[in-house]
């Protein structure tokens, strides 16, 4: 297995180098034979990576502790699912997974039916192969996954218990798919620039791949938040940790691209800006990896004992400089076809503001993340930049973004007249103001909550109008029934209405965030068995404390009977788990979820005499966050799904085909 | 006699009330409220250094060795009448700015707070100027008819998609 694993890695590296060289030779000499050989090489590289990943999975699954990686991240009593999930628990394994996805995407593009005969394919493959070679060099010479120990340990060190959660099986995978996915639009952009061609096809394909990467990034972030919420016992879901920020920044810039590309599509403008956003998103994924694997910033997520960050920083530097060089060399061509705006108040302008806020938000996250380093370099004083900073700085920016999101759908392309504005916005404005007044009357008086919910009401109404107007217009012409008209309206313009579903999902998420951030209630109480604690409408009675063993782990748990307004909801068991192979215990939260709020119960400490201390939280509207997340996923899938009515991506008709 | 009884009853009542108040006060003294809004305002300013990545308000004591003592210190300072700013200054003086969960809003650290908004403001001004350049000259050319046509964009899109569909059926 040692030989097979290492052979797969070094052969993969050799094949990647060969494919890159032969593809470049094919492009240069215009010989399809060489390009075909390069494409075969791409497939071979993918097979090599798949073999290496399969070998590591086999070693992890069969607990072969003589391998350093297996020894460091697993133990024999670990359930099989977590043994295999240890593939992404450490540095080298996670990089192997990254390489696997990268080579998978490369092979998908090289052999895509839609891309058949497209002269961009050899360029895209070559650019992605450069990435692959970098990862293979790291896997082959810096973070080797198949290093063997001099002895055979009887038992492994085990997996960090925090990672032993179903959410952690899926969260890193989706995040990596998103991270790696952003390399694809980058490769498309570079290929288009090199070929001096940025037509409709380029836009459609790039946008599609960006949505895929964006969807996975979104899923990764949401699942990470959900894991933090149930596993860390802190009651929150987003801590603005450097690593979380690292995945949020490309998400913001990719979102900006998905909007601004519409202006390019419609008006043939902002080409340089769009390419810049793609380069930026890609660079931010590498920057994030640098943060996680360099140890320059303190993070609970960071990989221990890692010096890999510098390699990523250097690679990022090379990639960005190279990309900017290509961009500058084609600048005159991109600039030549620039169109014009006709009004300050138009959909185009709102997209520009949306881009300003999204990129501004990304910059604020970036600045906050690196500020400890800046402060240390400038003053020699370390500072911590944590939740209060990011919440304070991001709240107005993100609220502004929600407002633009609410206004944009009803603005017309090119120019919105005063009549148009009045017709579209009078009713939503009145209803939002009425809603805000009602909230204040009902006792919701925190400024952020009132303004935030007011904007969200506005958003719901404008989006409802979009659907209403569409259905009405369709029915006027086709006399269809409302459900049929709605269905056909949406399926005929998947991107538009998928986008609206995403917007509504984001509004739901925002409602959850505003509610849980502003109206959470928390108490901490030490109770004797039989005693109760009251918090809002709940009475929680502490029944008993007990202990049980599961494998090598000891679990201390408390039975809590929960009543709401006198009605018994059941017995809940918050736990504290002491791991046989890990120093730190972890909290297993007991959760009573409803659409209105979560009752969040944590067993904190206890005494010999049976008294125990509990942290009880009421987190309002958390479920809205998860419902919104599901809607975001549904909307994204709806937008990229190739339905029966969907326009088929146009066949490539761009620059003259030489090799493909 | 009735008066004496009433007086005794009142005395008993006051006594009981004092006792209850005393007991309540003692209870409050014995059990520190680590989840009160006042304590949250103070403790959430400070970063726990045990590696949990949370502030001292959020850090759960069982998993962390040093937050227990830190919280007790905070409570004793609060009892001495120190407000959250005084407590912050005390710790920053002793342990440096790194102990805070967010940079201070003065000196060089102020740039952390200001720069994002300055950047957005600068870029926003740039966009406005760019828009003005793009719009100037073009805006005057558009006729009211053009504007009206654009307003019914949704109808146009739907109509064109229906025409497309019909065309595909018959051609």
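Yeah, the Cβs are placed from backbone N, Cα and C, and that goes for glycine too.
Any TrEMBL annotation is an automated prediction that lacks curation.
Of the candidate ranges A:308-328, A:476-496, TrEMBL annotates residues A:308-328 with the feature transmembrane segment.
Note: the stretches the transmembrane segment (A:621-641) and the transmembrane segment (A:87-111) are not in contact (fewer than 3 CB pairs below 8 A, sequence gap of 6 or more). Against the transmembrane segment (A:207-228), stretch A:176-195 shows more Cβ pairs under 8 Å than any other of A:6-29, A:87-111, A:176-195, A:349-373, A:450-471. Each residue in the domain 'Cytochrome c-type biogenesis protein CcmF C-terminal' (A:313-641) has a pLDDT score, and their mean in this model is 89. Beyond the ends of the transmembrane segment (A:275-296), by six or more residues, the same chain brings 91, 179-180, 182-183, 185-186, 188-189, 193, 206, 210, 242-243, 245-247, 249-250, 253-254, 256-257, 260, 302-303, 306-310, 312-313, 315-316, 319-320, 323-324, 327, 334, 355, 359, 362, 366, 369, 373 to within a C-beta distance below 8 angstroms of the stretch. Counting Cβ pairs under 8 Å to the transmembrane segment (A:497-515), the top-ranked stretch among A:6-29, A:87-111, A:176-195, A:393-413, A:450-471 is A:450-471. Sequence-distant contacts of the transmembrane segment (A:87-111), counting only residues of its own chain at least 6 positions beyond either end whose CB sits under 8 Å from a CB of the stretch, comprise 12, 39, 42-43, 45-46, 48-50, 52-53, 56-57, 60, 69, 72-73, 121, 124-125, 128-129, 131-132, 135-136, 138-139, 143-145, 159-160, 163, 172-173, 176-177, 179-181, 183-184, 187, 293, 303, 306, 308. When Cβ-Cβ distances under 8 Å to the transmembrane segment (A:450-471) are tallied for each of A:176-195, A:349-373, A:393-413, the top count falls to A:393-413.
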